[in-house]
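Record features, source TrEMBL:
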{"type": "BINDING", "residues": "Asn16, Asn85, Gly95, Asn96, Asn170, Asn202, Glu221, Arg222, Gly231, Thr232", "note": "substrate binding site"}
{"type": "ACT_SITE", "residues": "Cys94", "note": "active site"}
{"type": "ACT_SITE", "residues": "Cys94", "note": "active site, proton donor"}
{"type": "ACT_SITE", "residues": "Cys230", "note": "active site, proton acceptor"}
Amino acid sequence: MNRTSPRVLVGHGTENDFVVLPDPDGSVWPGHRLDGALVRRLCDRRAGLGGDGVLRVVRSVHVPDAADVLGADLARCEWFMDHRNADGSTAEMCGNGIRLFVHVLVSEGLLDRATCEAGVLVGTRGGPRRVGATPNGDYWVDMGPAREFGTGKAEVSRQVFSGLAVSMGNPHLACLTDAEIDTLDLTGTPSFDSALFPDGVNVELINVLEAGAHVRLRVVERGVGETRSCGTGACAAGYAALVADGRTEGTVQVDVPGGRLSVEVTSGTTVLTGPAVLVSAGVLCPEWLAG
Ligand SMILES: N[C@@H](CCC[C@H](N)C(=O)O)C(=O)O
């Protein structure tokens with residue numbers, strides 16, 4: 001390995017796992033180098049490092065499309081979460097990824113702990129999001145409001161589920177169901193109404209454990225398949241659980257296969273809180289990169 005081998009980290013938020021590429025000045029992974037094919041290779045669980053997606057840690061000024069999505073907020077967001085799904089597509093937002101992103105900024109010495117505790121604004125393709133550390137080492141993210149845009153259906157595991165269409169920056173269909181979600185086979189690709197979701201959708205299947213307060217969630221993510229957690233999906237699920245309980249505000253505990261998240265919905269916003277874990281750090285082998 002030589003000194004020019006790109007650094008790489010692997011981590012997760014409630015077992016929604018990511019390959020993380022530190023690239024503060026945008027010189028290691030310019031857009032054309034980190035193309036869809038390379039993202040798919042990195043996320044391959046047998047031939048690559050494995051992950052539900054890739055997070056490039058880069059300053060906003062070095063991301064060509066950041067100015068388009070952030071507008072005047074570009075100057076307020078030093079850092080940009082350049083997120084890719086495992087299939088190479090980009091997504092507007094990633095609630096688990098952004099907590100890991102800020103954890104990496106601190107662990108790489110790119111952000112001091114005190115600033116992080118106060119909360120730091122991070123650019124995403126869904127707009128700026130404030131992220132901060134909690135006293136117990138978890139991270140909170142101000143995800144913005146859950147925006148409802150109708151109702152829809154999806155067919156998963158040969159069953160049709162109805163739910164609320166919710167935008168958390170990215171699209172979700174949050175389906176409360178009495179079907180025991182643990183028994184469902186979620187290996188297939190859901191079918192859904194493409195007029196309601198022209199850019200695809202993340203499908204949440206939700207069992208209510210305590211009305212408006214506690215749910216269990218499984219998610220089939222756009223661009224990935226079933227994951228062990230989805231932060232934006234947890235927010236959509238928490239919001240749908242509150243609506244089903246006749247409320248639009250409250251705190252919902254969301255249990256996912258990979259752990260537990262907390263979602264606090266108020267009239268103006270949604271705050272997601274949960275862990276971020278770094279697993280390993282190293283370099284990519286030039287031979288592997290050369291393909
Ligand atoms: N796992 C993420 C969501 C990632 C993006 C999603 N697959 C999409 O395409 O919208 C999360 O934690 O929110």
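Quick reminder: no glycine exception, Cβ is built from N, Cα and C everywhere.
Any TrEMBL annotation is an automated prediction that lacks curation.
Distribution of TrEMBL features across the structure.
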residue	record	DSSP class
Asn16	substrate binding site	strand
Cys94	active site	coil
Asn170	substrate binding site	coil
Glu221	substrate binding site	strand
Cys230	active site, proton acceptor	coil
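Using the Cβ center of Asn16, Asn85, Gly95, Asn96, Asn170, Asn202, Glu221, Arg222, Gly231, Thr232 for substrate, the list of other same-chain residues with Cβ within 8 Å runs, in sequence order, Ala91, Met93, Cys94, Gly97, Val219, Val224, Thr227, Cys230, Gly233.
The binding-site residues listed here (Gly95, Asn170, Glu221) include Gly95, Glu221 as those with a Cα within 10 A of the Cα of Cys230 (active site, proton acceptor).
The Cβ of Gly231 (substrate binding site) has 29 other Cβ atoms within 10 Å, all protein chains considered. The binding-site residues listed here (Asn170, Glu221, Gly231) include Asn170, Gly231 as those with a Cα within 10 A of the Cα of the residue listed as 'active site'. When Cβ atoms from all protein chains are considered, those within 10 Å of the residue listed as 'active site' total 32, not counting its own. If you draw a 10 Å sphere around the CB of Gly95 (substrate binding site), it holds 29 other CB atoms from the protein chains shown. Cβ environment of Asn170 (substrate binding site): Ala91, Glu92, Met93, Cys94, Gly126, Asn202, Arg222, Thr232 lie under 8 Å away, each six or more residues apart in the same chain. Across the residues annotated as binding substrate (Asn16, Asn85, Gly95, Asn96, Asn170, Asn202, Glu221, Arg222, Gly231, Thr232), the two Cα atoms farthest apart lie 16 Å from each other.
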